[in-house]
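Peer 1: Take a look at the following structure, please.
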């Protein structure tokens with residue numbers, strides 16, 4: 001509601017909230033963020049690459065409490081990588097451009113089904129047999145750009161009529177679209193195998209050895225520390241890094257500024273000369289193609305697609321990851337994806353937690369109940385998510401942003417009369 | 001349904017011989033059974049219309065898509081089922097035969113039970129989830145996400161928690177075994193279309209309820225309050241209308257109608273009582289509300305009937321499995337050409 005009424009008694013915020021209000025950009029992790037933004041780009045890479053390598057090594061390190069017990073940890077991490085990619089894509093649409101898309105699973109499904117239809121032996125359009133134009137070994141990699149292109153086109157097809165609608169209507173129309181895609185997959189039996197799904201989807205044949213006749217990416221590589229789940233996790237990490245670079249650059253470009261303007265006030269943006277429809281469409285198309293890439297990853301990893309994996313509840317789960325982590329913040333939504341994937345798997349098959357006996361399977365089966373409660377509680381108490389997006393001076397670059405934030409912190413926290421140097425050093429210590 | 005059998009027959013015989021297309025276009029089937037399909041469509045449409053009123057009233061007053069309204073409907077189904085169990089009925093394969101008067105009485109009590117549960121759930125939902133957000137002046141996206149969260153919570157409550165509370169008799173993974181009070185029997189026919197007693201009950205009760213809610217909103221002082229808040233919340237508050245009370249009343253009316261619709265729906269689809277059973281119906285009812293012009297009471301009623309009928313025609317033309325697709329495509333097409341629905345979107349000014 002945009003209107004306040006005198007009838008509702010003004011709720012007095014607790015002391016902590018008032019303090020946050022006085023500090024306009026206050027929040028958890030701001031010090032870290034200030035420090036990070038102040039680093040030069042090569043230094044950021046110097047810190048980022050080892051961190052990335054550590055993330056890649058997580059499934060191999062067998063960390064005591066972190067490693068899941070009921071399910072294979074590599075598989076869980078592979079799933080996390082995929083959902084993280086989806087969350088980044090959905091974040092472009094929901095977080096950056098402010099368009100609520102409840103049918104994002106539709107793009108994910110289109111990506112997965114494109115790869116499956118091109119490479120599954122069950123499909124009538126299979127291109128991987130003898131004399132066809134795709135070799136069985138590299139069919140997945142060849143089908144990947146096709147999948148991304150087709151989902152981008154489907155984003156265009158869905159977006160061009162519907163993006164003229166207002167926010168609420170858009171949500172429901174996209175919901176309908178997601179459901180239509182699933183029903184198409186279910187009903188077009190001859191093409192998609194209907195409820196039976198499509199089996200034998202191609203995956204990259206790499207690292208073929210005596211022990212692993214079908215390569216490290218095959219579902220047959222199930223035993224040992226470096227199983228197929230870990231390999232797929234690594235592939236999805238590569239995807240995530242590439243996508244983050246792409247989306248990050250977009251964010252700092254004219255496109256990103258237009259998205260922020262549209263998200264904050266569409267009418268004002270339009271009046272200021274932002275072609276809102278075109279940029280909304282771009283957000284939709286880019287989001288869709290990232291979703292398609294994630295779908296292609298999924299199809300290759302599971303090597304089997306079936307309509308029930310693409311129902312609306314997944315769409316809501318993706319949205320949950322984005323909202324939980326913090327809309328508009330790329331790292332936040334990755335954290336959100338991790339929580340959404342990891343927490344249910346953490347409890348699965350776990351009998352004790354820090355010595356306390358628990359029924360992990362029972363807790364894991366309640367996951368949607370907990371996600372629902374988490375969403376409601378989060379929306380009431382922290383609607384911006386765990387790591388919220390911050391408004392930055394995108395145009396003038398990091399240096400000015402950091403300088404402005406430093407001086408704001410100094411003005412808020414320091415007593416007047418200090419020397420400039422002392423203030424700077426103490427500012428650095430507290431950062 | 002003879003129309004369905006026809007559709008299946010034509011696809012079975014014509015399919016392999018002629019060109020094997022992915023979708024059948026059975027226009028002839030539509031022509032043959034036009035009136036039968038219309039009556040059947042109106043039956044579903046009446047149910048959509050009642051649920052749609054809940055969406056439209058809440059949207060009119062709060063500008064909020066109450067995504068969890070489908071779960072209010074679902075709880076209504078469980079409410080009327082529990083009432084029937086309290087009255088001593090138990091699930092069995094055959095319909096009870098109590099005579100017309102007693103059956104109507106029992107159905108009436110069950111409907112009241114469903115209305116009580118659904119109405120209570122709707123008001124509780126407003127209290128627990130939406131009121132704190134209103135106090136904080138949250139943006140509409142936050143409301144919508146909360147509604148989705150509550151939808152999860154209510155579904156999973158019936159999925160996992162309710163069977164524990166009731167010793168496994170209510171809720172759980174599977175649909176409830178149906179309790180049948182009425183056996184569908186053909187009473188008479190219009191233009192060759194058979195009309196069953198179930199159809200009569202559904203369309204009759206829906207009509208009565210629709211007229212009642214229309215009178216309530218357009219004639220009663222409470223209704224005037226609702227329309228005033230929908231039109232201009234600030235001025236309405238200055239004129240002495242309690243906005244909070246109006247919001248509660250709106251949720252209550254929506255919940256009560258959803259409870260009534262729940263009973264009517266279970267008469268038509270006795271196997272539909274399941275934790276996930278409200279979801280698709282809710283989306284369709286919302287589509288119906290949008291179709292008629294969301295925020296507009298008569299629009300919701302019109303949209304519901306229209307959607308039910310069109311969906312039924314589409315189901316015969318394209319095949320049963322395309323039923324939901326027809327409904328969603330219809331929604332998208334209508335929004336493209338008339339973004340505010342057929343009758344426009346104002347509850348405040350919707351005084352015919």
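Keep in mind that glycine also has a Cβ here, set from the backbone N, Cα and C atoms.
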Peer 1: Looking at the ranges A:205-222, A:259-276, A:331-348, which is given as transmembrane segment in TrEMBL?
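Peer 2: From TrEMBL, the annotated transmembrane segment range turns out to be A:331-348.
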Peer 1: Name the residue range among A:363-381, A:382-400, A:401-419 that TrEMBL annotates as transmembrane segment.
Peer 2: A:363-381
Peer 1: Report the listed stretch (A:231-250, A:281-298, A:363-381) having the maximum count of Cβ pairs within less than 8 Å of the transmembrane segment (A:138-157).
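Peer 2: Top-ranked stretch among A:231-250, A:281-298, A:363-381: A:281-298.
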Peer 1: For the transmembrane segment (A:73-94), which recorded stretch in the set A:231-250, A:304-324, A:331-348 gives the largest number of Cβ pairs separated by under 8 Å?
Peer 2: A:231-250
Peer 1: Contact between the transmembrane segment (A:99-118) and the transmembrane segment (A:281-298) is defined here as three or more C-beta pairs under 8 Å separated by at least 6 residues; is that satisfied?
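Peer 2: The transmembrane segment (A:99-118) and the transmembrane segment (A:281-298): touching, yes.
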Peer 1: Restricting to CB pairs under 8 Å, which listed stretch, A:231-250, A:304-324, A:363-381, is in contact most with the transmembrane segment (A:99-118)?
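Peer 2: Looking only at A:231-250, A:304-324, A:363-381, the most contacts with the transmembrane segment (A:99-118) come from A:304-324.
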Peer 1: Would you kindly list the residues that approach the transmembrane segment (A:231-250) from elsewhere in its chain, counting only those six or more residues past its ends and only Cβ-Cβ distances under 8 Å?
Peer 2: 52, 55-56, 59, 74, 77-78, 80-82, 84-85, 88-89, 91-92, 216-217, 221, 256, 286, 290, 293-294, 297, 300-301, 330, 334
Peer 1: Is the transmembrane segment (A:363-381) packed against any residues at least 6 beyond its ends, judged by a Cβ distance under 8 Å, and which are they?
Peer 2: 70, 313, 317, 320, 323-324, 340, 343-345, 347-348
Peer 1: Do any residues of this chain, six or more beyond the ends of the transmembrane segment (A:45-67), have a C-beta under 8 angstroms from a C-beta of it, and if so which?
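Peer 2: That would be 39, 73-74, 77, 225-226, 229-230, 233-234, 237, 241, 354.
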